[in-house]
Amino acid sequence: MLNIKPIVSSLLRSKSGPILLLMQIILSVAIVANASFIINERLTMMQRDSGIAEQEILTFAIYNFDPSIDATLQNKVDQRILRSLPNVKAAASTNMLPLSGSGWSTTLNLGPDPETAKSTPQVAMYMGTEHTLETFGVTLVEGRNFYADEITDDVNSPNILLLITKALADEVWPNESAVGKTLWAGRDVQVTVIGVVDKMQGAWVDSSDLEYSIIQNVDYSGNSYMVRAEPKHHEALQQQILDALMTENPNRVIDNFQSIAVVKENSYRDHELMVTVLSMMVVLLLLITSLGLTGMVMFNIQRRTKQIGTRRALGATKGDILSLFLTENYIICIVGGLIGGVLAVLLGQQLMQHYDLPQLNLIYPVLTVVGMLLVTTVAVILPARKAANISPAMATRSV
Amino acid sequence: MLTMKNINKVFKTDLVETHALRDFNLSVQEGEFVAVTGPSGSGKTTFLNIAGLLEGFTHGDYFLDGVNISNLNDNKAAAIRNEKIGFIFQGFNLIPDLNLAENVEVPLRYRGFSAKERQRRVKEALEKVGLGARMKHLPSQLSGGQQQRVAIARALAGEPRFLLADEPTGNLDSLMARQVMELLEAINKAGTTIIMVTHDPELARRAQRNIQIVDGQVCDFTLYQGGQNHQVDTMEQAAS
């Protein structure tokens, strides 16, 4: 039986304990709501699909120190060797590693005059060959891949063709096909879009332009290579790559083998740390709140043993006593939750201003209050059951 | 109205068994004012707890209004306490955080009365004990005697079949004790059965019947009639 009015009167008259608990709940709701929001935002960010076969791509670097080597030629030989290794699905050199935090980016214009033409967003600029799409494991959704005879070794070639991501295509040419469209890099250099890939993220995971990428038809002779194979073959492949490439040319250093999955993990390390720290804080706060509730109920039971016995003598059932303690604490929790919810929104606004966070979704304070009600139930139910078992004969004892 | 037959209450530990009540027999008629006396440890409080269904007993039968209520479950015992028994405790046992009206209302809420009915009964009960004007006061704002009158109002509000009073004047000075006793006598004259446990022989003499408990058994009945008393040896004699 709920007796809310006398319980509220009673709480208002015995202020100190309930007020301390109320403050604890207000702060917990405000902090837990915002922390949960940030955790979820970070997790969502970390779980974004890069569009790339992260687990399958093994990357490594080749450092040539011999100035007499023809880097362009060596690059082509090395790629051929890599593609000939057992279990290799595809291989390509690259000017930048996806999700690595460093690479090339540019802005292209929709017209020849950079002063008047609309610009594309900042795009990650990959360079690759007809093998690059397969090596990345991305899907072509419109147009075509590069042909072998379209690949150039010159980054400044006037015949640049582009594969672009669908996100970029939709941003620049909404509701129309991007294939065949022209973009300008400055007044003189025109580039033509020949294909659109479903998804391929750039290098900077914190950038709002992460989904905007292009691949140019340039076989770049840098030092980064990617080999795509099933992850179970990576360990053996690593040795095979070393053996094959060192046999071809022993005067170089080959190292830094890692999968794109590891590269990605490193890029998201700060976010992961934040998720861990905030999760621990949420758990700790909920634990402290639940201990506070349990402590308060146990203290109240001890203080009110005779009162509980009297209530039982006057006709309260065990269920009535259980309900008395639950109701008392639900009232504190709901009042604290409402004030904490408002505080959470205000705190969220401050975080939004100072830390470039999106606005707190109101579902978080609501869910936090629901969670706090569950915590209250768990924290109160055991001591309240103990209270319910107090004998009505306690009313006649001198305690 | 109330009959106890061969009630035994045994407290057991690993080493000893203590008989708090031993073949305890008692019958109380409608409208009686019975005082229960006895030395400390004689079983008075155990009797009161059993009579008030505050605790169970080991053997025997307890009839209330002809119904055997010896083996009730917890919820049924709570319902009978709430509906048929009014309690008055030595320490008043008011809830300090609730005002007088809320205190008197406590058992009525457990009975499930409507707000309107509760309000009527609270007002009537507090007016009956002379505290109708102080409904919003807290117990701490009252004297001991007034607090006990609130406890009496709380016991009366549910219109019980009988009142069980545990040393109702034990915490009061003589003037207040007299006022409370006069109130209990008035309530009894109005038709309510009262069973009062007391140490005070003076108070016991004001009841219609005095039962003395020694070593967990009724050892003596005394009937007070018009200032003269008659001692009887057995329950049958007392009841006849």
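Glycine is no exception: its Cβ is also placed from the backbone N, Cα and C atoms.
Here is what TrEMBL records for this protein:
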- A:25-241: domain 'MacB-like periplasmic core' (DOMAIN)
- A:280-392: domain 'ABC3 transporter permease C-terminal' (DOMAIN)
- A:20-39: transmembrane segment (TRANSMEM)
- A:273-301: transmembrane segment (TRANSMEM)
- A:321-347: transmembrane segment (TRANSMEM)
- A:362-384: transmembrane segment (TRANSMEM)
For the transmembrane segment (A:273-301), the distant same-chain contacts (Cβ-Cβ under 8 Å, at least six residues beyond its ends) come to 17-18, 20-21, 24-25, 27-28, 31-32, 35-36, 38-39, 42-43, 46, 308, 325, 329, 371-372, 375-376, 378-380, 382-384, 386-387, 390
Within the same chain, where does the transmembrane segment (A:362-384) have neighbours whose Cβ lies under 8 angstroms from its own Cβ atoms, ignoring anything closer than 6 residues to its ends? I mean 6 or more beyond. 25, 28-29, 32-34, 36-37, 40, 286, 289-291, 293-294, 297-298, 301, 321-322, 324-326, 329-330, 333-334, 336-338, 340-341, 344-345
Restricting to the same chain and to residues at least six past its boundaries, which positions have a Cβ under 8 Å from a Cβ of the transmembrane segment (A:20-39)? 274-275, 278-279, 281-282, 285-286, 288-289, 292-293, 296, 329, 332-333, 335-337, 339-341, 343-344, 347-348, 351, 357, 360-361, 364-365, 367-369, 371-372
In the predicted model, what is the mean pLDDT computed over the domain 'MacB-like periplasmic core' (A:25-241)? 94
Helix, strand and coil counts within the domain 'ABC3 transporter permease C-terminal' (A:280-392) (DSSP): 98 helix, 0 strand, 15 coil
